[in-house]
Amino acid sequence: MNQTELQQHMEEVSLQFFQKEFRHQAVFNTRLRTTGGRYLLKSHNIEMNPKYLENFGLEYFFGIMKHELCHYHLHLEKKGYQHRDKDFRELLKKVDAPRFCAAIPREITMHEYTCKSCGKSFLRQRRFNVNRYRCGSCGGRLKQTGSKKVYTESP
C-alpha cells in the first residue's frame, strides 16, 4: 500500500463507518515505533505506522484507521477526543475499533558466552571483549560461543 492508497482507504473507512468525509491528509510515518497511528491536533492529519500493516494485516490496520478517525471526528466536533473521554469510548464501541494496539515483536540478537574452566554459559544483548572480562563464578577465561535472534513481545 502506498500513500495514495492509504488516503483513499482512510476516506472510504470514514464514509463507511462515520458517514463523514475525511478532508485532511493520511500519511505513513516509518518513525513511529510503539503506536499504530497518530492524530495530529494542529494540522488534523493522521500518521499511520506501516509496520502494523506488515505484521498484522489489512483487517487489523483498518481497525487502527477507525481508532484514529474517532480522534479526528470527535476533535473536529469539539467533543471529548482523548482516550479517557466518554464520547471517545462510546464511538469506539459503535464503530468496533480497538482502544489499544498490540505490540510489534522486536528482533534482538543475543550473544552467548561460555566459561572455558567451569563451562557455565550465559546470554547478553551486547557484545564485549572476552580478553577484558572473566567468569563471575570461577574466574576462568571466557569465549564467545555464538549468537541467536530472539523475538520479544514488548517494545
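Numbering starts at 1 and runs along the chain as it is shown here.
Positions of Cβ are set from backbone N, Cα and C atoms, glycine also.
Here is what Swiss-Prot records for this protein:
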type: DOMAIN; residues: 7-145; note: domain 'SprT-like'
type: BINDING; residues: H67, H71; note: Zn(2+) binding site
type: ACT_SITE; residues: E68; note: active site
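Residue counts of the domain 'SprT-like' (7-145) by helix, strand and coil are 48 helix, 29 strand, 62 coil (DSSP-based). If you average pLDDT over the domain 'SprT-like' (7-145) in this model, you get 95. Same-chain residues at least 6 positions away in sequence with a Cβ under 8 Å from that of H67 (Zn(2+) binding site) are, in sequence order, G36, G37, L92, A97, P98, R99. Long-range Cβ proximity for H71 (Zn(2+) binding site), meaning a same-chain Cβ under 8 A and a gap of 6 or more residues, is found for Y39, Y81, F88. The Cβ of E68 (active site) lies under 8 Å from the Cβ of G37, R38, Y39, I46, M48, each of these being in the same chain and 6 or more residues away along the sequence.
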